[in-house]
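What follows is a short report on a single structure.
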Amino acid sequence: MFQRTSVNRLALYFILPALIATILVHLIPISWGIYIGFIDLDIKTLAQWTKAPFVGLENFRTIFESASNVGERFIRSIWNIAIYGLITIPAGFVIALAVALLLHQQFVGRTLVRGLILLPYITPDAVMYNVWRFLFQARIGLVNKYLLAWGLIDEPLIWLVGERAMWSVVLSSIWKGWPFSCLILLAGLQSIPRDMYEAATIDGANWRHRFQYITFPMLWPVSRTLLLLSTIWTFHAFNQFYVMLGGDTTSRVAVPSLVILNEAFRNLHYGLGAAMSIIVLLVVFAFTSLLIFAQKEETA
């Protein structure tokens, strides 16, 4: 009994630093951010923030009012990020899965190729998205240059403004993110016993049957986790939109993170910005809860 108590106390000592760090870095800021969403905190009341008036749901009412320009931009940003996610997540997953299947095969230089494919992912966001911004420039960008050379367009297209801006960010985001997904899927492929493939081959199964009945079902737990993380990261998208498009919140491709940044730290409406953050938090929580619930239903 005494020995078990000592072990439990030792385990607590090991966990305590991480627990304190989590409270200081995560729980306290999140709780403070939620509280700000229910008070009228702006540049006028910031100096005496402890006396900022409690306004209840007024900040949320402002967001959802049809006559509110701020609310209209925020709701549109939710729609924009949903479209962005519906394109980037499936496309990135398919590319990552295809490359992972190729890298799972035996060929000369496989280790080198596995390292090289990580270059887009490990390159700093500011560098990578500035390169893509240059590629999509209307007059000097290589994208228009090659499209004109191949006869696919008659005149240079404007990629970073208007309707095409979303596509430029989508393509750059897929390029940036698929190597990480590929690495995770490749690890999942390597955990599948080769005996299963050998037995299926002896039974006459071709590559399509092996993928359909062995590879994909065995990869599904890893894929499900990857899709869950991708969904969460999608709602956090900021760098690609800010670097490539300049952080314009009035455009058709404004996303929640940019609208929150503009409202809270440029217009100095901290309460309204915090309320927007709470809404994004609830949306992400709803999506992840649905995915986790679906996962439990499948395993039940």
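The backbone N, Cα and C atoms fix where each Cβ goes, and this holds for glycine too.
Lifted from TrEMBL, the feature list:
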TRANSMEM  12-35  transmembrane segment
DOMAIN    78-291  domain 'ABC transmembrane type-1'
TRANSMEM  81-103  transmembrane segment
TRANSMEM  115-132  transmembrane segment
TRANSMEM  165-189  transmembrane segment
TRANSMEM  218-238  transmembrane segment
TRANSMEM  270-294  transmembrane segment
Interface present between the transmembrane segment (81-103) and the transmembrane segment (218-238) (three or more C-beta pairs under 8 A): yes
Stretch among 12-35, 81-103, 115-132, 270-294 sharing the most Cβ pairs under 8 Å with the transmembrane segment (165-189): 81-103
